[in-house]
Amino acid sequence: MKKLALSLSLALALSSVSTVFAAIPQKIRIGTDPTYAPFESKNAQGELVGFDIDLAKELCKRINTQCTFVENPLDALIPSLKAKKIDAIMSSLSITEKRQQEIAFT
């Protein structure tokens, strides 16, 4: 009986995961403020670099979608997300009570 329950739980979990991945868009616009090294900044060639940039690129690779970075000042990231100018924020954005009332953090 335990094996049956475990198998059903695993099957349900996997079916939920496939449903989530089926809804991933082909293109994702990621907002970032490149003024906070080593998390996000620009190198001498003007390219975005840093931990958050590397993490975003790896996540996009793993979900097999095309991601583009949209540079914004820190105070414009949340308004840009709410206005659907970007799809996600990948920047060192501290979680505050006020921000939690506006957007979801993961």
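Placement of Cβ uses the backbone N, Cα and C atoms for every residue, glycine included.
Quantities reported herein were computed from a predicted structural model and do not represent experimental measurements.
Residues annotated as domain 'Solute-binding protein family 3/N-terminal' in TrEMBL: 28-106. The signal peptide annotation in TrEMBL covers 1-22.
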In the domain 'Solute-binding protein family 3/N-terminal' (28-106), how many residues does DSSP call helix, how many strand, and how many coil? 27 helix, 19 strand, 33 coil
Arithmetic mean of per-residue pLDDT over the domain 'Solute-binding protein family 3/N-terminal' (28-106): 95
